[in-house]
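Worksheet: one structure, shown below.
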Amino acid sequence: MAPAPPPAASFSPSEVQRRLAAGACWVRRGARLYDLSSFVRHHPGGEQLLRARAGQDISADLDGPPHRHSANARRWLEQYYVGELRGDPQGSMENEAVAFEETQKTDPAVEPRFKVVDSDKDLVDWQKPLLWQVGHLGEKYDEWVHQPVTRPIRLFQSDFIEGLSKTVWYSVPVIWMPLVLYISWSCYRTFAQGNVRLFASFTTEHAVVVPKSMFPGLFMLGIFLWSLMEYFIHRFLFHMKPPSDSYYLIMLHFVMHGQHHKAPFDGSRLVFPPVPASLGIGVFYVCLHLILPEAVGGTLFAGGLLGYVLYDMTHYYLHFGSPPKGSYLYSLKAHHVKHHFAHQMSGFGISTKLWDYCFHTLTPEKPHLKTQ
């Protein structure tokens, strides 16, 4: 006969309040207590929104309108279960928790859906690198990859290659901003010499002189063109649906973008690692250098590279930042959260919603999360 499970720990309201005062983030569902301290930084609504619920009963948040969570989310919560609240759940703890309550309330626009991972029952073995496993999922891959989990991902067996596949967020400005500044200054000096001409490789008679006053416009054009390219790459490349019978295309999709949708809180995989990013950046630089005068192509490239840096920094902030409600960044965060957790085939813009407006791919104003 299997041994009986150990009795659940119990905590008095005063014990819970001492933990809250020490900085822990405990919530309850009825009399059941959950310690979300390790999750607050990953909450898509921001740490402040989750801490605003510390010490409170979240039953209405989970089970009722306006944003009823899925059964998966409710099961996911159980991994943080720590014990039971002694006494009347509606009594003294609720009164004492008022001191911790902030004016902010959880907004359904920034609420996630989660997938509980049972390592023994999931379609992949989480103790092994995932890249070589996902290709075998076949027709189950698309559903599986869009069931997000709150755990990091390992792609490769080799520690060296695995290290190249992830990075810290600040590597992006540290590596690429000096290049933006150097190329910008170099191109501006070339423009200032007054010998930059368009179409000179085709004709000398009709070549057009490009004055240095065009430098700011070309730089801003580079940023603008990057935002458009970002949208198309995200929509048509990152969100292609690989054929279910193609092992290698499924692997390619997962390593490019599927991994991010599977583990959106893996902070080491939210920005592009320097090595793969440098390959793509190098291709764009060569293409611009081949079709345009060096100063013109270089200025467009510098603007586009700054656009990329802003894109990656914005993307990281949308996952881990807590923008003020009503701000533009808050609306971007809500837009991106809905892309991850409710409407994966819309809401492709990261640093701007302009192209989603233009191409009619905005996420619905109100997320309709199905219960499971």
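Glycine is treated like the rest: Cβ placed from N, Cα and C.
Bear in mind that the values here come from a model prediction, so they are computed numbers and not experimental data.
So that you can see what the record holds, here are the features copied from TrEMBL:
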- HIS43, HIS69: heme binding site (BINDING)
- HIS234, HIS239, HIS257, HIS260, HIS261, HIS315, HIS319, HIS336, HIS339, HIS340: Zn(2+) binding site (BINDING)
- 8-86: domain 'Cytochrome b5 heme-binding' (DOMAIN)
- 167-185: transmembrane segment (TRANSMEM)
- 214-233: transmembrane segment (TRANSMEM)
- 270-292: transmembrane segment (TRANSMEM)
- 298-318: transmembrane segment (TRANSMEM)
Measuring CB to CB from HIS234 (Zn(2+) binding site), give everything in the same chain under 8 Å that is also at least six residues away in sequence. HIS257, PHE348, GLY349, ILE350
State the mean pLDDT for the domain 'Cytochrome b5 heme-binding' (8-86). 68
Minimal Cβ count within 10 Å, across the binding-site residues HIS257, HIS319, points to HIS257
Distant-in-sequence Cβ neighbours of HIS261 (Zn(2+) binding site), under 8 Å, six or more positions away: VAL145, HIS146, PRO148, HIS340, GLN344
